[in-house]
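What TrEMBL lists as transmembrane segment is 58-76, 114-138, 150-174, 186-206, 267-285, 315-336, 348-366, 616-638, 644-666.
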Amino acid sequence: MNPFRKNESKETFFLPVSTEEVPPRPPSLPKKPPPKICGSNYPLSIAFIVVNEFCERFSYYGMKAVLTLYFLYFLHWTEDTSTSVYHAFNSLCYFTPILGAAIADSWLGKFKVLSLVGLSLIALGTGGIKPCVAAFGGDQFEQKHEEERARYFSVFYLSINAGSLISTFITPMLRGDVQCFGGDCYALAFGVPGLLMVIALVVFAMGSKMYKKTPPEGNIVTQVVKCIWFAVSNRFKNRSGDITKREHWLDWAAEKYPKRLIMDVKALTRILFLYIPLPMFWALLEQQGSRWTLQATRMNGNLGFIVLQPEQMQVLNPLLVLIFIPLFDLVIYRLVSKCGINFTSLRKMAVGMILACLAFAVVAVVEIKINEMAPPQPGHQEIFLQVLNLADDEVAVTMQGDENNSLLAESIKSFQKMPHYSKLHLKTESKDFHFHLKYHNLSVYTEHSVEEKNRYSLLIREDGKSISSMMVKDTENVTTNGMTAVRFVNTLSKEVNISLGTNLPLSVGEDYGVSAYRTVQTGEYPAVQCKTEDDDFSLNLGLLDFGAAYLFVITNSTNQGPQAWKTEDIPATKISIAWQLPQYVLVTAAEVMFSVTGLEFSYSQAPSSMKSVLQAAWLLTIGVGNFIVLAVAQFSGLVQWAEFILFSCLLLVVCLVFSIMAYYYVPVKPENIQELADKQIPYMQRNMINLKTKNTKL
């Protein structure tokens with residue numbers, strides 16, 4: 001017989017349960033200690049995690065190294081659009097860790113996210129990998145090995161930069177030195193990093209039996225949000241002055257949530273508040289793969305002993321990180337400590353911000369120098385014009401304006417190389433110019449249309465016993481990828497196919513056909529193979545210098561066979577890419593002091609249940625920093641050097657704010673959180689008597 005009648009309600013009162021009533025558990029067997037590396041205190045599982053991180057970072061940074069130039073030269077986007085999409089991708093990669101951390105802490109655990117989700121799906125997997133792998137490695141250490149765990153984060157960061165170092169150097173070579181599908185081999189440049197992701201998955205799976213796998217602790221993100229919401233709403237409902245005030249605003253959640261969770265959320269919110277200024281630092285640091293790479297495309301990569309691709313300058317960052325981490329840990333920080341200076345983690349981060357400000361000041365100086373040495377560009381209602389005389393004798397050229405005034409009057413010898421373009425002013429956006437060509441006793445009048453902001457070449461050619469002319473538009477920015485551009489004019493009566501080391505030959509039409517520009521590697525070209533329908537011959541193009549654009553005229557006026565007459569459309573880049581070295585030194589020192597320290601700081605300050613959440617919050621600041629760059633690139637409208645100065649000044653202001661916040665921050669060790677919780681007033685028990693009872697149907 002059921003002792004309760006149907007639909008009968010009973011009043012139930014909830015009282016705290018004493019822990020003394022719980023029967024003691026039988027003693028558990030002592031756990032077998034995990035295997036160590038060569039008798040040290042480092043778990044063997046760390047080796048698999050570090051190797052996995054190396055492969056995964058090789059894949060990520062290798063792909064990212066060529067991404068901006070892929071947008072710019074393969075998809076033909078503008079520099080601002082390429083920069084914006086690059087940072088939008090980076091921002092997404094650093095926003096998804098919030099989702100990955102929630103899944104890791106509440107559902108699958110760090111191990112399963114990393115292996116099943118993170119490494120299977122690269123795009124979304126970045127969010128699974130980033131917040132978990134560092135914290136997962138930290139979980140492998142016992143509490144008594146804090147020094148080894150702190151050292152692990154440096155080794156972990158070394159593995160990241162070792163993978164970045166190798167991939168950033170190799171991937172651009174796969175793109176530029178290998179030709180496929182008629183151009184740079186982006187397929188291979190993206191394919192090799194993809195293969196490394198497979199290797200990362202295999203290596204990580206091999207160590208699965210050795211890992212110390214912390215079980216998930218419930219949906220921690222949801223708990224945190226609900227706890228904060230309840231505390232705020234509960235405080236708002238109890239605004240009466242008769243109610244006793246509480247020490248912390250989160251203590252208003254004590255009626256519903258356990259003390260441990262409240263203390264964890266307190267620690268979390270303290271650190272999250274400190275994270276507010278951090279995105280501006282990442283806004284500067286993340287531009288190495290976008291704005292700095294674009295700057296390198298306008299510099300000479302020939303260092304004498306090696307020729308660097310523009311994106312290969314990024315290799316300096318991981319290379320210097322590998323040097324600076326032991327230098328700072330073993331030398332600089334110890335010297336500072338011996339001087340009696342308490343160089344805390346937050347102080348290191350502030351100094352890192354200052355170094356990043358200096359780095360961008362140097363970037364701005366280099367940008368100004370590049371602009372000074374760059375060839376001038378036609379502005380509003382302006383054109384640049386050069387006249388090339390391909391006839392066999394001297395030609396007098398006169399160009400007349402609207403009022404029959406002479407705008408240009410030159411006597412040009414046969415195949416005379418012009419020292420520079422002539423600047424001509426227009427009164428409208430487009431204009432028809434009238435030319436008078438005097439050749440021997442002949443006078444030829446011709447008309448050509450031009451548009452503002454363009455470069456043109458007026459080619460004068462023989463036409464039987466007379467002469468004629470044609471206007472050719474010179475393409476701008478054909479060599480901004482740091483390579484060399486060439487084009488050809490074919491004076492022969494047959495089409496010529498020219499092999500320039502690419503899969504597809506360059507075809508130039510007969511009778512003064514003009515080819516499009518073709519980008520090639522810099523260097524000596526003493527014998528370029530050419531073909532007509534009935535003849536094979538070679539052309540000596542000589543040295544094709546870095547960043548230059550050349551025009552070659554194929555002639556056959558001697559008994560030595562076809563020859564190539566060479567003139568320079570765009571001069572070679574003079575400023576060396578080595579001038580970027582100081583800015584990379586400064587920004588890498590800033591990264592070591594800021595990022596490595598912040599990585600360890602985030603883990604050490606994180607409550608045990610929220611380590612991945614706090615790691616994800618740290619990565620989230622990087623995502624916000626990328627979003628800042630995206631917004632500035634799209635909406636600032638500043639010239640590039642002024643944009644660099646803007647970022648430097650903004651970070652300087654943020655550094656001041658962060659220093660003030662850090663001054664009042666008191667670090668808390670995770671093992672002390674429970675001790676602090678035990679000292680708090682047991683609001684839950686004290687206020688339980690004030691709770692209204694509820695009728696519960698049984």
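Cβ coordinates are placed from backbone N, Cα and C, and glycine is handled just like the others.
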Could you tell me what the rest of the chain brings near the transmembrane segment (150-174), counting residues at least six beyond its ends with Cβ under 8 Å? 42, 46, 49-51, 53-59, 61-63, 65-66, 134, 137-138, 141, 185, 188-189, 192-193, 196, 309-312, 314-315, 317-319, 321-322, 325-326, 329, 595-596, 599-600, 603-604
For the transmembrane segment (616-638), what are the same-chain contacts with Cβ under 8 Å, counting residues 6+ beyond its ends? 80, 83-84, 87-88, 90-95, 97-98, 100-101, 130-131, 271-272, 275, 278-287, 290-291, 598-599, 602, 646-647
Same chain only, please: residues at least 6 beyond the ends of the transmembrane segment (186-206) with a C-beta under 8 Å from a C-beta of the stretch. Say none if there are none. 48-49, 51-53, 55-56, 58-60, 62-63, 66, 70, 74, 114-115, 119-120, 122, 167, 170-172, 174-175, 178, 180
Same-chain residues at least 6 beyond the ends of the transmembrane segment (267-285) whose Cβ lies under 8 Å from its Cβ atoms: 224, 228, 250, 346, 352-353, 356-357, 359-360, 587, 590-591, 594-595, 598, 602, 605-607, 610, 613-614, 617-618, 621-622, 624-629, 632, 647-648, 650-651, 654-655, 657-658, 661-662, 665, 668, 673
Let me spell it out: take the transmembrane segment (315-336), skip the flanking residues so only those 6+ beyond its ends count, and list any with a Cβ under 8 Å from a Cβ in it. 61, 154, 157-158, 160-165, 168-169, 288, 343, 580-581, 584-585, 587-589, 591-593, 596
Mind checking which residues of the chain, 6+ beyond the ends of the transmembrane segment (348-366), have their Cβ under 8 Å from one of its Cβ atoms? 281, 284-285, 291-292, 295, 575, 579-580, 582-584, 586-587, 589-595, 597-598, 601, 641-642, 644-645, 647-649, 651-652, 654-655, 658-659, 662
